[in-house]
Amino acid sequence: MATNSSTSKVVHRKNGKTSVTSSSPKENGSTRQESNHTELHSRDTVQWARDVERIKMEVIEQMKVQMSEVLDKALTDSLRSLSQSTQWDINGNTHSHTDEKARSELFEISHVRTIYHMFIAALFLFIISTLAVDYIDQGRLVLDFDLFFYAFGQLGTVVWAWFIMFTYTLLGPYHVLSQWADLYHRSSWNMSVSVATAVILLVAQMCVLGYFPVFVVVHYQLPPASRFIVILEQIRFLMKSYSFIRETVVAVVREKTAKGESCRFPTLSNYLYFLFCPTLIYREAYPRNPYIRWNYVWRNFAKILGSLFYLYFILVRLCIPVFMNESNRPFSTRTLVLAIFHSTLPGMLMLLLGFFAFLHCWLNAFAEMLRFADRMFYKDWWNSTSFANYYRTWNIVVHDWLYYYAYRDFVWLTGHRFRSVATMSVFAVSAFVHEYAFTMGFGFFYPVMFVLFAVIGGVFNFTLNDKRKGPMWNVIMWTCLFIGQGVQVCLYCLEWYAQVHCPRTGTGFWELVTPRSWTCNL
């Protein structure tokens, strides 16, 4: 039997022919090893692919968790910021505070910065012309800042009066409301407690923030700038304390607490922060920046000081020499018209200086020191084609307060009717406050501001409304602003010097409310 066990035969068929090939045991073992190696390699590849897939899924899961946390925090902060920064205009339209940084960095834009440099060049020209005139008149260079020292006199009185108003505003309404909130949910006499609290707050507000500043201004005969500091701080404290009272009362009444439990009340630190941050709407939390740019703060304060010097040279070179002479002439239509058009340039310069020094530099400096992130203090009012838009965008801080607590509350009380009446009520409140500030600041009653705001401003708001589009309407708006500023500067300057040259001789009502410039004749 010829059998070879060590040989293996394989039969192949190709092209109809049969061929037999034989393989040795060595070759067969090598093939088997290669097959095992390939199989092992395949298993390793599959296992590696599974491990990679598992690691990828773990990484994705971790990223999902982390991204979810980040997005939750971002959305929470965004919603909180949106609820605090989304405001409504006087007609009920909404706008979102998304370009605060653009507003605070407005003067970093090259084109706007060029205009800023032009104003600085004009300031240098005022300084040079003043020095030249002094040298020609007196034969020496004179920089006399007596007007500054006069206007800001008696600052010690201003400081202690401000401290009393601030201390009351911080501690008075806060502690009265905290006691009321504690009793409101525990006592069965809710209405009686609320009425008693309202009476106490009303009397305290009238005495400390109503009568006291007026007494200080009149009794101590403060000069103009010191008067304005006291009166404007009085108005600010009144608006801030009203916002705190209004928001806190609503929150306490709406809060649901178990019987006998005290409700949640704002902390004193939150209220203190609100008193200094540049907003008039109270919230328990505001969007905050992570750090303070102190160089930015000092630059803003330096710009405010420069604006004061700018105002000084405008008064010295463009107003005082003219109106000192005009006050000696009989009052006539020709005198008035010429004086108004002469006052348009200094009046507009004062308007722009007030905007730049207060709404841009002062508010941004305090916002930066307090890390207050909402920098929407104004919008692009200079591009307005209607006075309705100008009133909404000129001063966002005050506009928001007027919308929330004058317009919206009026609409709510009237059942969402009489929106036009509500709009006019806002103009009336604004006009009254402006007239009060100017009357107390200058020391005489001349209702220029009231007429411009309540009468002319109201008419312009409805006639030059948002339907007016195009560059020509922007030109018309600026023309009206020039004339309006000229009217204010002219009439107030004429009245100031009339009060100096023709002082009041009595204390009767008509003596106090009749402008002296109408009858003063030297």
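Cβ atoms here come from the backbone N, Cα and C positions, even for glycine.
Positions annotated as region 'Disordered' by TrEMBL: 1-44.
The compositional bias 'Polar residues' annotation in TrEMBL covers 17-33.
As annotated by TrEMBL, compositional bias 'Basic and acidic residues' applies to 34-44.
Per TrEMBL, transmembrane segment is recorded for 115-136 (among others).
What TrEMBL lists as transmembrane segment is 148-171 (among others). When Cβ-Cβ distances below 8 Å are used as the criterion, the transmembrane segment (148-171) is approached by residues 204, 208-209, 212-213, 216, 220, 222-226, 229-230, 233-234, 237, 240-241, 268, 271-272, 275, 308, 312 of the same chain, each at least six residues removed from its ends.
Annotation comment: TrEMBL describes 191-218 (among others) as transmembrane segment. Within the chain, the transmembrane segment (191-218) has long-range Cβ neighbours (under 8 A, six or more residues past its boundaries) at 157, 161, 164-165, 168-169, 172-173, 176-177, 179-180, 183-184, 227, 230-231, 233-234, 237-238, 241, 245, 440.
Feature annotation from TrEMBL assigns transmembrane segment to 263-281 (among others).
Only residues 6 or more beyond the boundaries of the transmembrane segment (301-324), in the same chain, are considered here, and those with a CB under 8 A from a CB of the stretch are 119, 123, 126-127, 129-130, 145, 147-148, 339, 342-343, 345-346, 349-350, 353, 356-357, 361-362, 365, 489, 493-494, 496-497. The annotation transmembrane segment is assigned in TrEMBL to 301-324 (among others).
TrEMBL lists 336-367 (among others) with the feature transmembrane segment.
The Cβ of His434 (active site) lies under 8 Å from the Cβ of Met449, Phe450, Phe453, each of these being in the same chain and 6 or more residues away along the sequence. Positions annotated as active site by TrEMBL: His434.
Look at TrEMBL and you will find 444-464 (among others) tagged as transmembrane segment.
Using a Cβ-Cβ cut-off under 8 Å and counting only residues 6 or more beyond its ends in the same chain, the transmembrane segment (476-498) has close neighbours at 319, 323-324, 326-327, 331, 336, 339-344, 346-348, 350-351, 384-387, 390, 438, 442, 444, 446, 448-449, 452, 456, 460, 464, 515-517, 520. What TrEMBL records for 476-498 (among others) is transmembrane segment.
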